[in-house]
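Positions annotated as transmembrane segment by Swiss-Prot, on the basis of sequence analysis: 1-21, 37-57, 68-88, 111-131, 147-167, 182-202.
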Amino acid sequence: MFSYYFQGLALGAAMILPLGPQNAFVMNQGIRRQYHIMIALLCAISDLVLICAGIFGGSALLMQSPWLLALVTWGGVAFLLWYGFGAFKTAMSSNIELASAEVLKQGRWKIIATMLAVTWLNPHVYLDTFVVLGSLGGQLDVEPKRWFALGTISASFLWFFGLAILAAWLAPRLRTAKSQRIINLVVGCVMWFIALQLARDGIAHAQALFS
């Protein structure tokens, strides 16, 4: 059964490693050393829920509901554009240290709300967990399916906690004005690039839906 665990671990790692909204947010919280362990835990728990839903049957709901998929897609586009705009605004600030200090004043609940939006409004999360993991894990018998799910969940926990701790450890180097400007520019570009990709997919999906 361990072979199924390592298959899930490898696939989960491959899907979670690329820079996206969730990873960018965890990294930034680690650099700020602001509730970064709590955010890593909440991200991992969110992934746990999504992975279990996808592997144990939730994928059918998304695939059979084109309007739900469209709603998730365009909600994600709007959020990613807004998130990217915030990153660009911080990067272009004449006093980036002051802008970063203002971010540090955010309360715990606002940070949690942003984390939930970054996770649950990102359509790629549903495609990864419901479509990819759901199609692969759904073909397995009950016991192998559990080990496969455990492997993918382990990848999420290891990655988010590792990323948060590493970012906090490197914070003295990454918190400089130059580093913050570069990080925010990269995050803004990635968020807008993903948003444009999603918008293109959303338009194609809408054309197929109404044709």
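Every residue, even glycine, has its Cβ placed from backbone N, Cα and C.
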Between the stretches 1-21, 37-57, 182-202, which wins on the count of C-beta pairs under 8 angstroms to the transmembrane segment (68-88)?
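Comparing 1-21, 37-57, 182-202: 182-202 has the most Cβ pairs near the transmembrane segment (68-88).
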Have the transmembrane segment (111-131) and the transmembrane segment (147-167) got at least three CB pairs under 8 Å, pairs 6 or more apart in sequence?
no
Give the nonlocal contacts of the transmembrane segment (1-21) in its own chain as ranges (CB under 8 Å, at least six residues past its ends).
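Those are 47, 51, 79-80, 83, 118, 122, 124, 128, 132-133, 136-137, 140, 143-145, 147-156, 159, 186-187, 190-191, 194, in sequence order.
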Are there residues at least six beyond either end of the transmembrane segment (147-167) with Cβ under 8 Å to its Cβ atoms? List them, or say none.
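Cβ under 8 Å, 6 or more out: 1-2, 4-13, 16-17, 23, 26-31, 36-37, 39-41, 43-44, 47-48, 51-52, 55-56, 133, 136-137, 140, 174.
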